[in-house]
Amino acid sequence: MMVFALIDVATPTWGPMHEELGYSYEALNNSYAAGCASLAVGACVLIPFALKYGRRPIYIFSSCIHFGVAVWSARQQTVPELMMVNIISCFVGALAEVVVQMTVADVFFVNQRGTMNALFFWSTRVGASLAPMAAGYATTSQGWRWAWWCCAIIFGLLIFAIVFLYEETMYTSRAIEGVNATPDSDTITKGSDSKVPELSGTTTPDRSHESCSVHWIFSGTLISGPLSDWLILFLAKRNHGIYEPEMRLWIIAVFAPFVPIGLILFGVGLNSGWPWPILVIGYGMCSFGTAPAGTIALTYITDAYTEIVGDAMVAVTFTRNICSTMFIFALPPWIAAAGLQNVFITMSVLITAILFGSGIFVAFDTHHMPLEDEEALERKQHA
């Protein structure tokens, strides 16, 4: 939560920084774009260290860097400093989008990951949405530098908590002397009475609407996470005890219709000057539909690529933040050329197509193979 809070508290301080330090709004926007680009590449560089040395050192390293960045941000005086604090905080902050998924895969069972990822996704949205509101209050009451000093204080407490309370979660198995290698897989997967379930082994709008958005996100994530955990147990039982990661994707279809309805309602209403309660409802519906999609997508990746979840999340994080960086520069001219209403309608169509595109993974499930086909394949391989 605090990593995303540190990244997003900057925008409420832009006005006072512009007045006090003379930063141009172009420089402020460029610093935000540089941060998004750093988010895309940070995980690519740092996650290999989490795979090599474990999760705990990375959590401590990340928290210490963010503490230093928060102090530096509170004392900055020049545009180069503005650029550097954004680049460093986002470069290291990219770890939060990946290493948490690695920890979830380390600690929790498959039927618990939906709930845990729902809590993680919600906490990131709370940090990204409510932190700017708190920063705005601190800026108006105590000055913009105190928005950063508050972050530094909280990160200092987090460092203490992680050092003394957090245990390493990465488990490295060691061979036992005198014990033979694991016997043929048939002795594990085939029994006279039952079969062990087979798991895959490779395996941001107007601030006045933010509190409503968080409430909708809270509802969507708390519903979708436990619901997906219950659904996979139900579907696995119907599938003769065999679980497939694609079973979670059915949840996206339940929440996806809220996204186009909410986007169109918000975009058309904003363009036409409709009353603010309608805009809040539209924005909330969109948040209610997109939050579960993010939760389920994270859990699907964790389930399907458990052993390489770090590498998988690095690719996802890189793609997502590159797209965010492109939108920063592409969105203003697009709105100027097509109009606000047409942009929202187009986005609603694209996002809906992407969400329902998850049905392709369900229809062409590459992880699942009928039992008879598995046995025939085994006989062919041993022939």
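Keep in mind that glycine also has a Cβ here, set from the backbone N, Cα and C atoms.
Predicted automatically and left uncurated, TrEMBL annotations should be read as such.
Per TrEMBL, the feature region 'Disordered' maps to 184-209.
Same-chain neighbours of the transmembrane segment (32-51): 7, 10-11, 57-58, 83, 86-95, 97-99, 102, 310-311, 313-314, 317-322, 324-325, 328-329, counting only residues six or more beyond its ends whose CB sits under 8 Å from a CB of the stretch. What TrEMBL lists as transmembrane segment is 32-51 (among others).
Annotation comment: TrEMBL describes 58-74 (among others) as transmembrane segment.
For the transmembrane segment (86-110), same-chain residues at least 6 beyond its ends with a Cβ under 8 Å from one of its own Cβ atoms are 3-4, 6-7, 10, 31-32, 34-43, 45-47, 50, 55, 58-59, 61-62, 65-66, 69, 73, 116-117, 120, 124, 169-171, 199, 232, 243, 298, 301-303, 306, 309-310, 313-314, 317, 321. Among the features that TrEMBL reports, transmembrane segment is placed at 86-110 (among others).
Among the features that TrEMBL reports, transmembrane segment is placed at 119-140 (among others).
Annotated transmembrane segment per TrEMBL: 146-166 (among others), in sequence order. Note on the transmembrane segment (146-166): residues 2, 5-6, 9, 12-13, 56, 59-60, 63-64, 66-67, 70-71, 73-74, 134-135, 138-139 of its chain, located 6 or more positions outside it, place their CB under 8 angstroms from a CB of the stretch.
Through the fold, the transmembrane segment (247-270) approaches residues 114, 205, 220, 224, 227-228, 231-232, 235-236, 239, 278-279, 281-290, 292-293, 296-297, 299-300, 303, 340-341, 343-345, 347-349, 351-352, 355-356, 358-359, 361-362 of its own chain, all at least 6 residues removed from its boundaries and within a Cβ separation under 8 Å. According to TrEMBL, the transmembrane segment annotation covers 247-270 (among others).
Under the heading transmembrane segment, TrEMBL lists 276-301 (among others).
If you look up TrEMBL, you'll see 313-337 (among others) marked as transmembrane segment. Residues 29, 32-33, 36-37, 39-41, 43-44, 47, 94, 97-98, 101-102, 301, 343 of the same chain sit 6 or more residues outside the transmembrane segment (313-337) yet have a Cβ under 8 Å from a Cβ within it.
TrEMBL lists 343-364 (among others) with the feature transmembrane segment.
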| said: Using a Cβ cut-off under 8 Å, which residues of the same chain at least 6 positions beyond either end of the transmembrane segment (58-74) come close to it? | reply: 2-3, 6, 10, 46, 49-50, 81, 84-85, 88-89, 92-93, 95-96, 99, 145-146, 148-149, 151-152, 155-156, 158-159, 162-163, 166
